[in-house]
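Asker: This is the structure I have questions about; it appears just below.
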Amino acid sequence: MTTNNSTITIHTDGVCKRNPGPGSWAAIIEDDKKRFLIANRVGQTTSQRMELTAAVKALSVLNRHVGRPIRLVTDCQVLVKGMTEWLVGWKASGWRKSDGKPVLNVELWRQLDVFNEKHTITWEWVRGHNGHHGNEEADALANRALIEGRISEEVYL
């Protein structure tokens with residue numbers, strides 16, 4: 001990624017066969033100069049866990065780019081609502097939902113909370129499998145990782 005102040009866009013997706021079952025996550029990180037594709041497969045997991053993991057892994061890559069605005073685009077409404085609507089309440093109630101049950105995947109939510117405090121992130125939901133290019137590409141990458149395993153590719157524009 002370049003050192004300018006242009007927005008970094010991240011497209012993420014997670015897939016899981018037989019939820020729960022084998023799964024994978026993927027992220028496409030791009031600015032005006034470069035695209036970075038990362039993905040990996042996981043054994044027993046859930047689709048929601050893969051969606052959250054994709055965001056965590058992508059934001060981990062950007063840890064040294066503090067100060068640059070980030071736009072994270074996902075087809076996971078739980079991720080967007082969690083970060084924009086529910087997070088404050090979860091933290092205030094000791095990471096419990098409104099029904100008193102513990103928040104699932106709390107370790108991933110905690111990591112996302114740290115990134116959210118450190119960076120200026122816009123969380124954006126798009127309908128999955130609806131022709132949105134970045135989402136379709138992230139989905140294809142996640143499905144590729146389900147077969148191939150770890151993927152890490154850098155493309156200069």
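Cβ atoms are placed via backbone N, Cα and C, with glycine included.
Quick caveat, the model's predicted, so the values are computed rather than measured.
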Asker: Which of these, Asp31, Asp32, Asp75, does TrEMBL say binds Mg(2+) 1 at the same site as Asp13, Glu51?
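Answerer: Given Asp13, Glu51 bind Mg(2+) 1 in TrEMBL, the matching entry from Asp31, Asp32, Asp75 is Asp75.
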Asker: Report, in whole Å, the straight Cα-to-Cα distance of Asp139 (Mg(2+) 2 binding site) from Asp13 (Mg(2+) 1 binding site).
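Answerer: A Cα-Cα distance of 6 Å.
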Asker: So, by DSSP, how many helix, strand and coil residues make up the domain 'RNase H type-1' (4-147)?
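Answerer: The domain 'RNase H type-1' (4-147) comes out at 59 helix, 43 strand, 42 coil.
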Asker: Using a Cβ cut-off under 8 Å and a sequence separation of 6 or more, which residues in the same chain sit near Asp139 (Mg(2+) 2 binding site)?
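Answerer: Same-chain residues close to Asp139 (Mg(2+) 2 binding site) (Cβ under 8 Å, separated by 6 or more) are Asp13, Val15, Ala26, Asp75, Gly128, His129.
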